[in-house]
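Trainee: Handing you a structure now.
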Amino acid sequence: MIDSTCYPRLSRIQTPEDLRAFQESELRAVADELRNYLIESVGLSGGHFAAGLGVVELTIALHYLYCTPIDQLVWDVGHQTYPHKILTGRRDKISTVKHQGGLAPFPKREESIYDTFGVGHSSTSISAALGMAIVAQRNGDERKVVAIIGDGAMTAGMAYEALNHAGGMSPAPNLLVILNDNRMSISEAVGGLTKMLGRATGSKALNAIREGGKRIFGDKKTNATARFLRRWEEHWKGMFVPSTLFEEMGFHYTGPIDGHDLPALLGALKTLRTLKGPQLLHVITTKGKGYELAEGDQIGYHAVAPFDPQKGLIKAGAKKQTYTDVFSEWLCDMAAVEPRLLAITPAMREGSGLVRFSQEYPQRYFDVAIAEQHAITLAAGMATQGAKPVVAIYSTFLQRGYDQLVHDVALQKLDVLFAVDRGGVVGPDGATHAGNLDLSFLRCVPNMMLMAPADEAECRKMLSTGFHYSGPVAVRYPRGTGPGVVPSAELDVLPVGVAQLRHSGTRIALLGFGVCVAPAEQVGRRLGLTVVNMRFIKPLDRTLLLELARTHEVFVTIEDNVVAGGAGSGVAELLNAEGIVLPIVHLGLPDAFQQHASREDLLAEAGIDAAGVYAALLSRWPDLAVQNHPLSAVS
C-alpha cells in the first residue's frame with residue numbers, strides 16, 4: 001500500500017478542479033509528488049512507465065489552465081496518460097491498471113469523462129480533436145480542444161492528413177496541437193522529421209539568440225520590446241526549426257520550449273488559450289524524466305513489470321523462449337543463407353524481435369517509423385525487384401495497412417512474408433492491442449496463404465515455408481511463450497496445406513488451430529477423440545477433412561479468433577462446397593471486444609482453454625463424462 005501522507009498535496013487532488021485551487025508557485029511541488037507517486041505505484045503494479053514520467057509538468061499545466069472536462073484533451077496513443085488518470089479521480093486505482101476489472105492501460109471513454117477519446121494506436125489524436133473542434137465551432141461553443149501527440153506518432157501519415165485538413169479550413173476551428181518531442185516512440189524515433197526536430201532543439205545559434213535577449217532585457221520587457229523579441233526570434237527560428245513546415249500547413253507555431261519548465265509551459269499555454277485558429281506548441285521532454293535509470297534506458301523502462309524503484313529493473317536470468325524469440329533467431333539464420341531477405345518493421349524493433357537482425361544486417365533492415373501502410377507497399381515494391389521482404393508486424397497494427405496488403409501485395413501476388421506477432425488473445429494491453437480478428441480478415445484475401453503454429457518448432461518451420469512460397473504469406477503467432485518445443489537449427493519446410501493428425505479417436509474430431517491445438521489435444525486424448533493440428537487456415541487440408549467427415553459424427557473447431565469468418569468458418573465452407581452435411585461446433589472468441597486481463601483469464605473467459613473445451617463438449621454430449629476422465633482432471 002502507498003502511504004498517502006507522503007503526498008500531502010497530491011492527496012488533496014480528486015479532480016482537476018482541486019488542482020486549480022493551488023497557487024502557481026505550488027505546482028512545482030505538486031509535480032514532484034506526482035512524479036514520485038507514479039514511480040512508487042508503477043513499481044508496485046507494473047505498467048507503462050517512462051512516457052508518463054516525461055509529461056508530468058505538461059499534464060499539470062494543461063489541467064491547471066484548461067477547464068477540463070469542458071475543455072477537451074485528446075491524448076495520442078495513451079502510454080503517457082497515467083499522470084492524467086491520477087489527476088482525474090483515479091489515483092487510488094492506478095495500481096489496478098492492466099489487471100482484470102481494473103483501470104484500462106489507455107484512455108477509455110467509458111472509464112472517465114476526462115477521457116475524451118479512446119486510444120491505443122498512434123497518430124489518431126489530431127483527427128479526433130479536429131472533429132471535436134469542428135462540432136464546437138458549429139455549435140458556437142467556446143470550449144478548447146487540445147491534441148497531445150508525440151514526435152514518434154508524428155511519423156505517421158494520418159497525423160499530416162489531419163494537419164493538412166485543419167490548416168486549410170475556413171473558417172478555421174480553434175485547435176491546439178501539442179507536439180511532445182522526446183525523440184522516441186516505443187523504440188527510438190526515426191526518419192526525416194526526427195532529424196529536423198533534432199536540428200531545431202539542438203541549434204546553438206537559436207539558443208544563443210534567445211539567451212541574448214534574456215540578458216539584454218531581463219524580466220523587465222515592455223509590451224513593445226516583447227513584441228520585438230518575438231518577431232526577432234520568429235525570424236531566426238525559421239532558419240533552424242520546423243515552424244515553416246507547420247505554418248505552411250496553416251498552423252501558428254510556438255516553440256520549442258522546455259516541457260519540464262512549468263513557468264514556461266504555463267506562460268505559453270496562457271497565451272495560446274486566447275488565440276484563434278490552429279495552433280501548434282512544440283515542447284521538448286525527456287522520456288523517463290526524474291528517474292535516472294529510466295532516463296538512461298528509455299526503451300527498457302517503456303513498460304515494466306513490478307520492480308523496486310530503489311534497485312531498478314533486475315535483468316532476468318535464462319527465460320523460456322517466446323515466439324518472438326523464435327522469429328528473431330529464424331530471421332538471422334535465414335538471412336545468412338538467403339541474400340534476398342530484407343526485414344521491415346513499423347517502429348517495433350524491440351517488440352518484434354529485430355534487434356539482433358538490425359545489428360548483424362543493418363543494410364538489410366528497414367525501420368519505417370509508425371507507418372504501416374508505407375511498410376507494406378514498400379515491401380511490395382521490393383518484391384517486384386526480386387527481393388523477399390519480411391514484414392514483422394503486430395496483428396493489431398496490420399489492420400492499419402490492410403488496404404495495402406490487399407491492393408498492393410495480394411492483388412499482384414507478390415512474394416511478401418508477413419510475420420504477424422501478437423495474434424489472437426494478447427491480454428493486459430486490452431482491446432486496442434488484441435489480435436482477435438486477423439484470421440478472419442486475412443483468410444478472405446485471394447492469393448493469401450495463412451498459417452498458425454501449435455508450438456515453437458512449428459513456428460520456425462512455417463516461417464521457412466512462407467519464405468520459400470511464391471506469393472503472399474502470413475505466419476500468425478501469439479504473444480509470449482509456447483509449450484516449450486525446442487526448434488531445430490535447420491530451416492526445414494512443411495508441405496503446403498497438409499494438417500497433422502495428433503490423435504486418432506472416434507465420434508468427434510477436434511480441429512485445433514494455432515495455440516488451441518494444445519487444449520484440443522489435452523481434452524481429446526482424455527476423451528478418446530480425434531485431434532488434428534490444422535496448421536493451415538488457408539489452404540485447408542481438404543483430403544484429411546473429407547476423410548474425417550466420412551468417419552466422424554461431428555467436427556469441433558477451436559481457434560483464438562472471433563468465430564465470425566474465422567478458421568472454423570473455412571471448414572464449414574469447405575464441407576458445404578463438397579455437399580457434405582455434418583454438424584460443426586465452433587469454439588472461439590466472442591463477438592465482442594475483450595477487455596484487459598491476463599491471456600490465461602481471457603482464454604478461460606472465452607471457453608477455449610482446456611477446461612472450457614471440456615465443459616463445452618460435455619454440455620453437448622454428457623455421455624462423454626465417464627468415470628475415467630472427470631472434469632477436475634482437465635485444467
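Just so you know, glycine gets a Cβ as well, placed from its N, Cα and C.
These numbers come from a predicted model, not from an experiment.
In case it helps, Swiss-Prot gives these features for our protein:
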{"type": "BINDING", "residues": "His79, Gly120, His121, Ser122, Gly152, Ala153, Asn182, Tyr291, Glu372", "note": "thiamine diphosphate binding site"}
{"type": "BINDING", "residues": "Asp151, Asn182", "note": "Mg(2+) binding site"}
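Map these features onto the structure and tell me what's around them.
Mentor: A C-beta separation below 8 Å, combined with a sequence spacing of at least six in one chain, links Glu372 (thiamine diphosphate binding site) to Pro346, Ile393, Phe397, Leu398, Arg400, Gly401, Gln404.
According to DSSP, Asp151 (Mg(2+) binding site) sits in a coil region rather than a helix or strand.
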Trainee: Which state, by DSSP, holds His121 (thiamine diphosphate binding site): helix, strand or coil?
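Mentor: Once the DSSP labels are grouped into three classes, His121 (thiamine diphosphate binding site) ends up as coil.
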Trainee: Out of His79, His121, Asn182, which of these binding-site residues shows the lowest number of other CB atoms within 10 Å of its CB?
Mentor: His121
Trainee: Looking only at C-alpha atoms, tell me how far Asn182 (thiamine diphosphate binding site) is from Asp151 (Mg(2+) binding site), rounded to the nearest Å.
Mentor: 7
Trainee: Just the number: how many Å between the Cα atoms of His79 (thiamine diphosphate binding site) and Asp151 (Mg(2+) binding site)?
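Mentor: Counting only the Cα atoms, the answer is 13 Å.
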Trainee: If you count Cβ atoms within 10 Å of the Cβ of Asp151 (Mg(2+) binding site), leaving out that atom itself, what do you get?
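Mentor: I get 23 for this one.
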Trainee: For a quick check of understanding: given the listed thiamine diphosphate-binding residues His79, Gly120, His121, Ser122, Gly152, Ala153, Asn182, Tyr291, Glu372, what is the maximum Cα-Cα distance in angstrom, as an integer?
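Mentor: Largest pairwise Cα separation, rounded: 32 Å.
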